[in-house]
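What follows is a short report on a single structure.
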Amino acid sequence: FSLRGESANHQPTVQPLHLLTVFPCSCHVLQESLLSSASGYSNYRGILNWCVVMLVLSNARLFLENIIKYGILVDPIQVVSLFLKDPYSWPAACLIIGMGLSFYFSFCFPGTISETTGLIFHIFNLTCLLVIPAATILVMTSMTPVGGVLSLGVYSVLFLKLYSYKDANRWCREIRQAKAKRLSRSYSCKCMNTHSGATHVSYPGNLTHRDMYYFVFAPTLCYQLNFPRSPRIRKRFLMRRLFEMLFFTQLLVGLIQQWMVPTIQNSMKPFQVPNHLIWLFFFYWFFHSSMNFVAELMQFGDREFYRDWWNSETVTYFWANWNIPVHKWCLRHFYKPMLRTGINKFLAQTAVFLVSAFFHEYLVSVPLKMFRLWAFMGMMAQVPLAWFVGRFLNGNYGNAAVWMSLIIGQPVAVLMYVHDYYVIHYGSNT
């Protein structure tokens, strides 16, 4: 405003200076609060950081109490002794190296035997992959539980890979016999574009030792003739993943040695162990750091090893997204073939959980040489839990139910095995 003159004959005049800009007529619009679901707001990174800070602060007191009570128990050298209890036999390493025989057996008599005879050979080979290492672990007294878990894990992965290798090549033979005009990579998935510099391989040109060994070491369980390949190896990305692997390996070892072992030995209360935190660290170490490291080293292009399982509103969504390599294998080689035979979806899903429950029990009971069936029952309990959550809980309630099942579910079942193992072997000394 400006005043021009103050006499009675000359009244003050008003000069507008962008009144709508300086003093807007309206300051309200139709909008929802950010925390309302109708607002569409989804950036909660600050709240996530707050949760992480609160988690660290809440566990800092437990960590200090643990240090004061037990002292520093972290000893990386002790981990090596778990694998090499008998330094002159190295049972776990020898058992893993011996799996190379199954590679050779997969290439026996190519093209010279009938389909039925080849199927029998493959069934025998796959059965030996599960039976021989388990029998070796149960018989050998020098095999430690950690070495047993590692050995059985490697053999289980090889079992799934060779099963996929058998199926994919059988599909190619069926397509070839049907005189297909254009060979696809497999019967169950569409062809994917490979890198422009890569050579497209067609059956039976893929039946080479080089192709076989690439698939064995690639971070996938499903075989196809032409994998998507990255154009180059990113050295910085590779070094970051390697640093994460080393860091989280030491962190996991430290948590187990400092928290898990003394708590179980002294108080025999496994439910107080921060097993869920260890499980989360293990997930990041294995599915992100380790698998991306191997993929980058082998220029493997498909890096979808997990999806947003932390947003799961149903149990079924969680199991379909937290371990993508296993999910793809089950979908491709087990679930869809059952549907094609006329089995309904619920029975097919139950069968998938049954197979998963078997491998969970196999990887826990055999190395510990105890058979309690807790891992098996915990996995099969996911079937009614999935039905209940999907039927009665939605949205945030379903997500909370999934998190509760992760916190008090299978990790507790595993700790029950560890608890009984310490009671049997060290109960008289504690």
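Using the three backbone atoms N, Cα and C, a Cβ is placed for every residue, glycine included.
Curation does not apply to TrEMBL; its annotations are automatic.
Taken from TrEMBL as is:
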TRANSMEM  47-68  transmembrane segment
TRANSMEM  88-107  transmembrane segment
TRANSMEM  119-140  transmembrane segment
TRANSMEM  146-163  transmembrane segment
TRANSMEM  242-261  transmembrane segment
TRANSMEM  276-295  transmembrane segment
TRANSMEM  346-365  transmembrane segment
ACT_SITE  His360  active site
TRANSMEM  371-389  transmembrane segment
TRANSMEM  401-419  transmembrane segment
_the transmembrane segment (276-295) in contact with the transmembrane segment (401-419), cutoff 8 A, at least 3 CB pairs, sep 6+_ = yes
*Contacting positions for the transmembrane segment (346-365) when only residues 6+ beyond its ends and CB under 8 Å are counted*: 130, 134, 149, 152-153, 156, 316, 319, 326, 330, 334-335, 338-339, 371-373, 375-380, 382-383, 410, 414, 417
_Could you check whether the transmembrane segment (119-140) packs against the transmembrane segment (47-68) - three or more CB pairs closer than 8 Å, residues at least 6 apart in sequence?_
no
